[in-house]
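K.L.:
Found this in Swiss-Prot, in case it helps:
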{"type": "DISULFID", "residues": "CYS24-CYS122", "note": "disulfide bond"}
{"type": "DISULFID", "residues": "CYS52-CYS162", "note": "disulfide bond"}
{"type": "SIGNAL", "residues": "1-23", "note": "signal peptide"}
Amino acid sequence: MALTFYLLVALVVLSYKSFSSLGCDLPQTHSLGNRRALILLAQMRRISPFSCLKDRHDFEFPQEEFDDKQFQKAQAISVLHEMIQQTFNLFSTKDSSAALDETLLDEFYIELDQQLNDLESCVMQEVGVIESPLMYEDSILAVRKYFQRITLYLTEKKYSSCAWEVVRAEIMRSFSLSINLQKRLKSKE
């Protein structure tokens, strides 16, 4: 029993050290990925946004989660991870495949998946053994509610072309705001 405990402790320490040696440079790595994702989102546009003005909607982006001056790096990484995960979930539905260019969607999935992998290693490095991502549950919950509103909107609009155009533009806006958050994190370092 004692041997199992010490083995478990040793594995945790070794895992933590291996994550720490990854040298997480989130702002540089993630910002580049966000820019590529923004380019792909822009290329997905199928109709003019002006033809969808009547469908505009305020999804109540959780701006305060991206504006807080006291934002800790671990909290920012957790929020960014949740945003990327929810974006991945939103765009990986059969309804998005029907409305958007599948080749661009595939590239977008690959980009989001890479960002999620980068963020997961950063979360482990920044949060470590001391803190828990659950400490930032309010911030993560705000992001989840934001994406629930987007999903509800798409459902209410029956996944129309205009609804997808409005959502595409909204996700572009949220990615732009996350790039600004990363710039602030970089300036704090």
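Heads up, the Cβ atoms here are built off N, Cα and C, so glycines get one too.
I'm curious about the neighbourhood of these features; can you describe it?
P.N.:
The DSSP secondary structure for CYS122 (disulfide bond) is helix. Around CYS122 (disulfide bond), taking its Cβ as the centre, 24 other Cβ atoms fall within 10 Å, counting all chains.
Non-local contacts of CYS52 (disulfide bond) by the CB criterion (under 8 A, 6+ apart in sequence, same chain) comprise SER161, CYS162, GLU165, VAL166. In this structure, CYS52 (disulfide bond) is part of a helix by DSSP.
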K.L.:
Report, as a single number, how many Cβ atoms besides its own are within 10 Å of the Cβ of CYS162 (disulfide bond).
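P.N.:
I get 16 for this one.
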